[in-house]
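S.K.: Quick one: this structure, given as structure tokens, is what I'll be asking you about.
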Amino acid sequence: MKIAIIGTGNLGLSIAHGILSSNGATSMYLTKRSPGSIKELEKYGMVTVTTDNREAVQKSDILIFAVQPGQIEGILENTRDLLTEKHVIISTITGFSIDRIEKIIGKDQHIIRSMPNTAISVGKSMTCICCNEKGKKRIDLAKAIFNRMGHSIEISEEKMQAATVICASGIAFWMRLIRATTQGAIQLGFDAKEAQELAMYTCNGAAELLIESGSHPEEEIDRVTTPKGCTIQGLNEMEHQGLSSSLIRGMMASYEKISHIGKN
Ligand SMILES: NC(=O)C1=CN([C@@H]2O[C@H](COP(=O)(O)OP(=O)(O)OC[C@H]3O[C@@H](n4cnc5c(N)ncnc54)[C@H](O)[C@@H]3O)[C@@H](O)[C@H]2O)C=CC1
Ligand SMILES: O=C(O)[C@@H]1CCC=N1
């Protein structure tokens, strides 16, 4: 598989690491405006780092666009004459609809819109994808690419903004929860390193429990909360202080903001 990542910034670089560690490509072009910081990736013989998007498009089949929303239009206009039947265009751009992509490069292209997160660098991204009419022929290929680097589901495009909040911004939300748990653990006597270890592995275990068992979070909570015990005491105090409510409100605030990014 010949893959190009157009715009190797935070997300693009995470995708590049995910592809490298899963042996997901035979060749990889990485483009960036100032490529010096990622030039060392050329030590993997199959990686070419360049500023030349046109060369990357010509030499690749799968094109993953990971630039900022304001940059995508110009890049597509500059490369559209090079697009052929072999290309699969995968966009990660927040708020940039398939319709807008089609208006620049035409409907007769395999277009996939995706929303991965930065955990793709360690093969653990939750990625949501959707496609245009022609892209239906390549959606399984896109799923296979993302499933090598985590878990993917196909959704309708109208849910893409919500998926961005839950999955992409979600990494930041969960990080803050892990950090808060770490701070609590330090107050309870652990040093900072141990505290973070306790917090992140417990978080990992909680998610794995649900993934492996298919059970509902409340079922697992019922198994931990001894009547009159310490867990329910802590949990109820957290809820009195608005834990669930503040999370949900934060997600709604993110969604409100992302709707504006989409309009612009
Ligand atoms: N950071 C995240 O967790 C996620 C970001 N996204 C979306 O992915 C996109 C990229 O986000 P980030 O990686 O955070 O942005 P970023 O600003 O870190 O990366 C953008 C990269 O594009 C490069 N670039 C700009 N113009 C270019 C051009 N003409 N040719 C080649 N490269 C060019 C820049 O040099 C930069 O390295 C955005 O649209 C964002 O909404 C989506 C999901 C998650
Ligand atoms: O914060 C943002 O707007 C972008 C989209 C999702 C993750 N980062």
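Just so you know, glycine gets a Cβ as well, placed from its N, Cα and C.
So TrEMBL lists these for the protein:
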DOMAIN    2-93  domain 'Pyrroline-5-carboxylate reductase catalytic N-terminal'
BINDING   Ile6, Gly7, Thr8, Gly9, Asn10, Leu11, Ala66, Val67, Gln68, Pro69  NADP(+) binding site
BINDING   Asn53  NADPH binding site
DOMAIN    157-259  domain 'Pyrroline-5-carboxylate reductase dimerisation'
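Structural setting of the listed features?
M.R.: The C-beta environment of Ala66 (NADP(+) binding site), restricted to residues of the same chain at least 6 apart in sequence and closer than 8 Å, consists of Ile5, Ile6, Gly7, Thr8, Gly9, Leu11, Gly12, Ile15, Thr92, Ile93.
If you draw a 10 Å sphere around the CB of Asn53 (NADPH binding site), it holds 23 other CB atoms from the protein chains shown.
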S.K.: So how many other Cβ atoms are close to Gln68 (NADP(+) binding site), meaning within 10 Å of its Cβ?
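M.R.: There are 11 such Cβ atoms around Gln68 (NADP(+) binding site).
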S.K.: Among all the protein chains here, how many other CB atoms are within 10 A of the CB of Asn10 (NADP(+) binding site)?
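M.R.: Around the Cβ of Asn10 (NADP(+) binding site), 11 other Cβ atoms lie within 10 Å.
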S.K.: I'm trying to understand the geometry here, so how far is the Cα atom of Asn10 (NADP(+) binding site) from the Cα atom of Asn53 (NADPH binding site), in Å to the nearest whole number?
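M.R.: Cα to Cα, Asn10 (NADP(+) binding site) and Asn53 (NADPH binding site) are separated by 18 Å.
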S.K.: For a three-state summary based on DSSP, what are the helix, strand and coil counts in the domain 'Pyrroline-5-carboxylate reductase dimerisation' (157-259)?
M.R.: 89 helix, 0 strand, 14 coil
